[in-house]
Amino acid sequence: MAASGSGGSRADNGYGSQQPRRRRGPGALGTAYLVIYNVVMTAGWLVIAVGLVRAYLAKGSYHSLYYSIEKPLKFFQTGALLEEYLLIAKYLPGIVPSSVVLTAFQVMSRVFLTWAVTHSVKEVQTEDSVLLFVVAWTITEIIRYSFYTFSLLNHLPYLIKWARYTLFIVLYPMGVSGELLTIYAALPFVRQSGLYSISLPNKYNFSFDYYTFLILVMISYIPIFPQLYFHMLHQRRKVLSHTEEHKKSE
Amino acid sequence: VEPNATIREIRLMFHKLYPRWYPARQSIKLDPKGKSLRDEEILQHLPVGTTATLYFKDLGPQIGWTTVFLIEYTGPLFIYFLFYFRMPFVYGLDERFTSSPHPVVNLACICHSFHYIKRLIETVFVHRFSHGTMPLRNIVKNCLYYWGFAAWLAYYINHPLYTPPSYGKKQINFAVIMFLLCEAGNFSIHVALSDLRRNGSKIRKIPYPTKNPFTWLFFFVSCPNYTYEVGTWISFTIMTQCVPVGLFTLLCFIQMTIWAKDKHCTYLREFKDYPSLRMSIIPFLL
């Protein structure tokens, strides 16, 4: 969990933002809860990863792998909503507001993909694009949660830190591509079935076209994704070069 | 600089040196992290020694509040008309310039227009602003919000497939009466607030109820103008029975509650004898 993992790497409190130094850590009990939470989340995503591998080995092909990990995926991805809520409500200490907004976007888009697209439009569940983003998310989340776990315990192996701030370079575009392709694949089915759409006339004088909404969501990736990506690149430069200095001074 | 110079004079001097930064754009502070100094402050009354160090921060291009309000409120007024008169590009060529068979649609147009005309009149004749300006980029954000929502709700109310309220005339009449009462209330409060600053002073004073019954809400809330404003939009929602209007009302309510709570806290901080019965926006509740 992104808490002010006291001591450890000062430039990084989990979300890689400036940490106000005067803020104290969450205390022993709080840290314990956070460690448990992060361990559980790491384990959860590992379960998903293992499930994927096993299903692949069993079936021999990579179609329909979604079904083998559907439930844990929904559970753990939605769990991230709770995490985000706690961040926003400031029950978690040491977080800078700007990063809350960015991570909120990410969590919202993930939950949206999981429930409002993949779960709702059954026909896309066999698409390869689903696998693409599931794999990307799985690897990212395993690294992220183990990063938080180790940070909290003040024993962060450089490998994990490096992985967190480097692998995203490939995983981010991979995930985004998978997400966009999945939404795109869902479009014709949404149009056909009128899913989540309401049209005039009706008592409440309201209309909503889910098809158009999905297209707008896809378009919104264009301004948002580069910002997130460059933010992470910036963080990477800051964090990894900071560690170099630490090492040199030792 | 003379010891009895005011911050305003310092700002003017600074502006002469740096023409680019006109006074409204300057934020002058004693401490880089502190609050900006007000125009009326006099140099020798500030906690400085024989030489004072002042920090300057550029607030970015500024625009006057009055200008902002005029632009913000004129937009919705005319945008609504585009939909009411059914311009060809809105509902398609077949429906162009037609009019709705429902009287409530005409009523809604009158009410909506009345509301914004009233706001424009208040901006010019009634409001007295404590800060002269706001940052320029706020106007883009604000206009998008006001104009966008006006377009969105006007679209549905004036749509050829609009459905009038379920409870018919009873619902509409009730809504109209509520609307008028709230508009009158809102106006009364604005006048009362502006009377507090009659001679152009910028000192904050506690507003009190006057002989006007609408101002008696001051017994119960710090910001009855916001209370009445929310009431106006609730009545408009009831009148049109339209979800987008309801959503707009909800957002207005959230925004105004934030402003009201802020104001309420400021009052409590500045005045030790502030009436304890008062809540910020909803009597006894919020």
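Note that Cβ sites are derived from N, Cα and C of the backbone, with glycine treated the same way.
Per TrEMBL, domain 'TECR-like N-terminal' is recorded for B:1-58. Residue counts for the domain 'TECR-like N-terminal' (B:1-58) under DSSP (helix as H, G, I; strand as E, B; rest coil) come to 17 helix, 10 strand, 31 coil.
The transmembrane segment annotation in TrEMBL covers B:63-85 (among others). Same-chain residues lying 6+ beyond the ends of the transmembrane segment (B:63-85) with a Cβ under 8 Å from its Cβ atoms: 97, 105, 109, 112-113, 116-117, 119-120, 123-124, 127, 129, 131-136, 138-139, 142-143, 146-147, 149-151, 154-155, 157-158.
The annotation domain '3-oxo-5-alpha-steroid 4-dehydrogenase C-terminal' is assigned in TrEMBL to B:133-286.
Among the features that TrEMBL reports, transmembrane segment is placed at B:144-162 (among others). Remote same-chain residues near the transmembrane segment (B:144-162) are listed as 72-73, 75-76, 79-80, 82-84, 86, 90-91, 95, 98, 100, 102, 105, 108-109, 112, 240, 242-245, 248, 251 (criterion: CB distance under 8 Å, separation of at least six residues from the stretch ends).
Residues annotated as transmembrane segment in TrEMBL: B:174-193 (among others).
Sequence annotations record features per position, and here TrEMBL assigns transmembrane segment to B:213-228 (among others).
Residues or ranges marked as transmembrane segment in TrEMBL: B:234-254 (among others).
Panel annotation: around the transmembrane segment (B:174-193), residues 107, 111, 114-115, 118, 122, 126-127, 207, 210, 212, 214-215, 217-218, 224-225, 227-229, 231-232, 234-236, 238-239 of the same chain, lying at least six beyond its termini, place a Cβ under 8 Å from a Cβ of the stretch. Using a Cβ-Cβ cut-off under 8 Å and counting only residues 6 or more beyond its ends in the same chain, the transmembrane segment (B:234-254) has close neighbours at 104, 107-108, 111-112, 115, 149, 152-153, 155-157, 163-166, 171-172, 174-176, 178-179, 182.
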